[in-house]
Amino acid sequence: MAPERRSRLSDAGILVSLLALTSLVPVQAAVTTSKPDYAKRAERVLRSTPLIDGHNDLPFAIRRSTHDQIYDGKVPFETALKGQTDLPRMRKGRMGGQFWSVYVGCPSDPNTPIDFPTFATRDTLEQIDVARRLVDKYSKDLMYCDNPACAKKAFREGKIGSFIGIEGGHQVGSSIAALRQAFYAGARYMTLTHNCDNAWATAASTVRAGKPDLGMTEFGPALIKEMNRLGMLVDLSHVSHQTMRDVLKVTKAPVIFSHSSAYAVSKHLRNVPDDVLKTVAKNNGVVMVTFVRSFVNIDNPDSVTVDDIVKHIFHIAEVAGWDHVGLGGDYDGTTELPKGLEDVSKYPYLIEKVLEHGATEEQARKLIGENILRVWTEVEKIGKRIQNSGALPVEEVWQGRNWTQSLTKRSTFIPTESPTQLEFGCD
């Protein structure tokens with residue numbers, strides 16, 4: 001009887017073991033099926049917060065292709081354009097706001113004097129005009145905004161907020177007065193330089209060409225003072241590293257980088273070094289990551305994918321914090337775009353990747369729009385506070401500027417000593 005008893009006990013043990021094993025199967029299946037749905041999470045983020053891109057060159061693309069003519073079917077924005085941006089793709093990309101860049105190139109000769117005769121200011125105003133006319137034409141989908149409250153309103157109404165930025169100080173002739181008029185015309189940020197120096201600052205391209213990084217000029221602080229007074233965003237993309245540092249020492253308001261990435265990840269001078277990222281955090285500013293392949297990976301640009309963009313985003317978030325990173329693709333300003341981010345319709349995929357790499361939904365909301373809206377709101381508040389204090393517009397002019405021949409010698413029309421001695425000089 002004893003052997004039979006042992007056999008029954010063994011059978012019972014096997015049965016218990018089998019039951020235990022089978023009980024694990026549903027648990028394992030549950031683990032497998034609970035994989036996060038990043039697309040659904042990205043959709044939740046995009047539904048709650050406007051995705052605002054810091055830099056898109058569509059106005060320049062229009063200028064180049066149609067000389068600013070948008071009517072009579074010349075620019076079929078509502079159906080399909082050949083570039084990287086049009087209304088259907090913006091909608092597919094779940095875009096909530098766009099800073100439209102108005103861009104006029106620097107002189108082709110790098111030795112051109114700063115105060116060169118130019119039509120750049122005229123051309124800039126014409127691009128502001130075409131950007132605003134495009135928004136008006138498609139007002140069912142786009143809303144022109146010159147303040148962050150309007151940007152939020154546009155999103156609530158299901159429209160794409162449309163804002164304007166100037167891509168280079170040479171476009172206002174190195175003139176604070178001209179900059180002020182561009183602000184009144186609707187521009188809400190100005191990039192201090194493009195790929196040329198001006199009366200205010202040194203450009204990154206100058207340093208790349210082997211010349212010294214002189215940073216901001218003596219005239220530069222006057223510009224920053226006026227931009228702070230106006231409530232205009234100071235954009236430090238394109239400037240040299242020393243210019244970044246110099247501006248951050250004098251500005252009273254947060255700054256933006258409308259389309260730059262992390263220098264520690266890719267040693268391109270258009271990117272932002274870590275010491276500057278830390279200062280941007282103290283300044284409460286934002287660095288909006290660009291997608292230009294040669295900036296993202298200077299050593300192997302052809303290999304760049306969406307994962308490389310995510311790497312820049314996470315580096316900036318690690319050094320400066322999630323409150324200080326945003327997005328500035330540079331669509332229609334480059335042909336160098338990563339696999340997976342070929343046009344503006346691909347933004348949801350980027351947000352999925354950011355979440356997949358470990359960002360929370362709260363962090364993703366900051367990235368796509370909350371940060372730039374916070375910065376813009378603070379810049380606007382600081383401007384109003386400065387104006388309410390009685391601060392007058394800055395009148396300072398660059399000492400190296402050329403005056404027309406009739407103005408090279410000051411008239412005594414405004415008397416400094418004797419009110420009886422007036423010289424009109426225009427008879």
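Using N, Cα and C of the backbone, Cβ positions are placed for all residues, glycine too.
Taken verbatim from Swiss-Prot:
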BINDING   His55, Asp57, Glu167  Zn(2+) 1 binding site
BINDING   Glu167, His238, His259  Zn(2+) 2 binding site
BINDING   His194, Arg270, Asp330  substrate binding site
DISULFID  Cys106-Cys196  disulfide bond
CARBOHYD  Asn402  N-linked glycosylation site
SIGNAL    1-29  signal peptide
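Features as recorded by Swiss-Prot, highlighted on the structure.
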residue	record	DSSP (3 states)
His55	Zn(2+) 1 binding site	strand
Cys106	disulfide bond	coil
Glu167	Zn(2+) 1 binding site	coil
Cys196	disulfide bond	coil
His238	Zn(2+) 2 binding site	coil
His259	Zn(2+) 2 binding site	coil
Arg270	substrate binding site	coil
Asp330	substrate binding site	coil
Asn402	N-linked glycosylation site	coil
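Distance from the CA of His55 (Zn(2+) 1 binding site) to the CA of Asp330 (substrate binding site) is 5 Å. Other than His55, Asp57, Glu167, the residues of this chain whose Cβ falls within 8 Å of the Cβ centroid of the Zn(2+) 1 site are, in sequence order, Asn56, Phe60, Phe99, Ser101, Val102, Tyr103, Gly165, Thr191, Ser258, His259, Asp330, Gly333. Around His238 (Zn(2+) 2 binding site), the same-chain residues six or more apart in sequence whose CB sits under 8 Å from its CB are Glu167, Gly168, Thr191, Leu192, Thr193, His194, Asn195, Ala203, Ala204, Ser205, Arg270, listed in sequence order.
The 10 Å shell around the Cβ of Cys106 (disulfide bond) contains 21 further Cβ atoms across the protein chains shown. His55 (Zn(2+) 1 binding site) has His259 as its nearest neighbour among the recorded positions Cys106, Cys196, His259, Asn402, going by CA to CA distance. For the pair formed by Asp57 (Zn(2+) 1 binding site) and Cys106 (disulfide bond), distance between Cα atoms is given as 15 Å, rounded to the nearest Å. Close to the residue listed as 'N-linked glycosylation site', meaning Cα to Cα within 10 A, are none of the recorded positions out of Cys106, Cys196, His259.
Each residue in His55, Glu167, Thr191, Asn195, Ser237, His238, His259, Ser260, Thr290, Val292, Phe295, Gly333 lies on the same chain as His194, Arg270, Asp330 and has a C-beta within 8 Å of the C-beta centroid of that substrate site, without being one of the site residues. As a whole number, the greatest separation of Cα atoms within the substrate-binding residue list His194, Arg270, Asp330 is 14 Å. Between the C-alpha atoms of His259 (Zn(2+) 2 binding site) and Cys106 (disulfide bond), the distance comes to 18 Å. Sequence-distant contacts (6 or more apart, same chain, Cβ under 8 Å) of Cys196 (disulfide bond) comprise Cys106, Pro107, Pro110, Thr112, Gly168, His170, Ala203, Ser205, Thr206.
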